[in-house]
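One structure below.
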Amino acid sequence: MSLNTIILNFLKKLLGSALEYKFSSFFIFLFSIASIILVDKNFYYGSKEYIYLINIIYASSVGFLLTLVAYFSKKKKILLAVSLFLTGLYFYYLPFNEDYSTVIFFSNYLCIIAICISLLLYIPFHNEQKDNQRFLNWAINIIESIVISSIFGIILFVSLYIAITSIVILFDLKIEKFIYAQYLAIIVFGVFCTHYFLLSLNKNPQASELNLTFYNKIGNFFSKYILTTIVVIYSLILLGYIIKILFLQEWPNGVVVWLSLTFAIFSLLTYIFWTPYENRYKKLLIFVALIQLSLLFVAIYMRIAQYGWSTNRYMIVLTAIWLVGAFVYILIYKKYRYDYIFLAFALMLFISQYGYKMNSYYVNDIAQLNRLTQLLSQNSVLSNKTDKTIRCDISSAIDSLYTHRNIEFLNQAMPNIYDKYKYIKDKEYSNRYYSFPNYATEKLGFKYLSNWECGKNQTAYQNDNIYIYSNNTTDIIDVSGGYDVMNRNTLTIFHENSKYTIKIPTKDNLNFSEFDMSDFINKFKKSDTNESKSVKYNNDDLTFVAQDKNMKIKLFFYSMSISELSGDVVYPSTYILIKYLK
């Protein structure tokens, strides 16, 4: 068989998978087209065009998975209609402006993806007789399809990228590598990989047989020597910690929460992957995991009693309840089914994101509202001389509510402050950036204190880093001067041979302008930081202005960290203004 025939047959199979999963394929192409337009037009972040295209991309990825779930159902037509409706509903409720909670947005999106994958595992076995072996076969088939399509995609991308780069260099073409790499990635991973994934899926999971070649060579090794080893290691760590608790008579700390949760998840996965083997000792994993989970509940109870509910703590509790339920279900019910466990997982995720007054964000926000209301009622007069702990707690509560954009609770705790903030931001000083937590605490009588200033999250910096931030982020940057673009970015500052530089793409994205920032950065390294490695500067000190033949730029750094060991600039948080000169 000739190479041309092999390629044509392969393309026919890919086309066949596109026709078999028509709606899923439609969403793949919609995703790819929106991505290509986004790369080609280079819309300003925050523009209507940018927001619409990004929303189409997110909705398309959700639609792809929802319709794929429907194709494996016996009631395919009904579920396809439902999945299309849900995709449209998801798109309708996506944010179409810049003022939204990115935390909730991305958490919702990731949970929806996880829900879809869980339903994809469950739906082929709905109303079928119990067959955990076929469920495992189906799960392995999905994993195998993802892995193989990804490997093929990487090989194809690298091969084509090298070929195109060679053509560009040999024929001296004026094409920026980053641009054609983006187009190539969209086509290869967005179109080829997804259709190859569809092609690799078993069309009838209910009748699938175990791929012995894959399982014996990979799955068996993974189960025996990776999953089981990890579980044993975690078990020994937690067992040693339990002995320490009993010996020293001390309460467990917060780290044990994550250790117990990780151990329980790996225990469940190990149990599932050991399905082909009837081992009477398998259930010992479940008993050990239940004992370890008791540590989790003690530790998380202490954290909640001390600090109150938060989104993370609520998610940990829900996940732990799901794990306990799954383990108890396996122990007491002889005809247990793995697909029900994953259906329960999908339900748990749905409740955590969309449950009426039961979702993780509402639980967090009601706790923060009660905390903020109590603090404000107990401290009617606030100033910069008020106890730092009180100012930190108020700043943290306001920041949490604003991060979730819970305007109702903010207005309830601090009447009219948010409305005034919106008016000032939108009307009076529309050319300046305002941070609401800074504005709110200023109106209450004191300057906002960040987590860093309150002593939180310093472990990453405290040993060898100088942390620099603005002493006034309420009104941080003057945008007057006719700039064309304003972006909030985490820039990469290159550090080589004691020289600091940044590279900004030109207007046509075919080249870069390079600016030397050595003098600007070095002045912060010379600061006297013997007493504290956390240093405040005024806005002028943190503003960098430069110009070349292509553009004029203005950067405002409202925070960054400089390593005393390597000299590298890490985590620079900036606003960048660009005025193109040609």
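Using N, Cα and C of the backbone, Cβ positions are placed for all residues, glycine too.
The transmembrane segment annotation in TrEMBL covers 21-38, 50-71, 78-96, 102-125, 146-171, 183-201, 222-243, 255-277, 284-302, 314-333, 340-356.
By number of Cβ pairs under 8 Å, the transmembrane segment (284-302) is matched best by 314-333 from the list 50-71, 102-125, 146-171, 314-333, 340-356. Take the transmembrane segment (78-96) and the stretches 21-38, 50-71, 102-125, 255-277, 314-333: counting Cβ pairs under 8 Å, 50-71 has the most. When the stretches 21-38, 102-125, 146-171, 255-277, 314-333 are ranked by Cβ pairs under 8 Å to the transmembrane segment (340-356), first place goes to 102-125.
Scored on C-beta pairs under 8 angstroms, the neighbour of the transmembrane segment (255-277) with the top count among 102-125, 183-201, 314-333 is 314-333.
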